[in-house]
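Copied over from Swiss-Prot, here are the features:
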- LYS79, ASP82, ASP84, ASP87, ASP88: Ca(2+) binding site (BINDING)
- CYS6-CYS120: disulfide bond (DISULFID)
- CYS28-CYS111: disulfide bond (DISULFID)
- CYS61-CYS77: disulfide bond (DISULFID)
- CYS73-CYS91: disulfide bond (DISULFID)
- 1-123: domain 'C-type lysozyme' (DOMAIN)
Amino acid sequence: KQFTKCELSQVLKSMDGYKGVTLPEWICTIFHSSGYDTQTIVKNNGKTEYGLFQINNKMWCRDNQILPSRNICGISCNKFLDDDLTDDVMCAKKILDSEGIDYWLAHKPLCSEKLEQWLCEEL
């Protein structure tokens, strides 16, 4: 699914402030990671990254390409490509708990300031 900024803001409201990361920071980071498209798959340095949050198959999910995957989120990577973001959010929070927001490389250079443009006026 191709989300809009406002649709995504609505769905991800529960992440606002989690571990000190604001909703606009998440929206910006997701935009620069996957363009709000749940179907995004990127092959990167021998890993494959899936979905909105670009969660990789080496550490966080399994896809039978990398064996063994640590599969910390205990899930098939394909689950990050559907429209239900519940499992994506649960895994993203685990990543945040463990690695911090800078796990998402777009965050520091692109999403640490001037975040007004990432707010949804309708919320």
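Glycine too: its Cβ is placed from the backbone N, Cα and C atoms.
Of all the Cβ atoms in the protein chains shown, 14 others lie within 10 Å of the Cβ of ASP82 (Ca(2+) binding site). Separating the Cα atoms of ASP88 (Ca(2+) binding site) and CYS28 (disulfide bond) is a whole-number distance of 16 Å. Residue density at CYS91 (disulfide bond): 23 other Cβ atoms are found within 10 A of its Cβ, drawing on all protein chains shown. Least packed by the Cβ count within 10 Å, out of the disulfide-bonded residues CYS28, CYS73, CYS111, CYS120, is CYS120. Averaged over the domain 'C-type lysozyme' (1-123), the predicted model has a pLDDT of 96.
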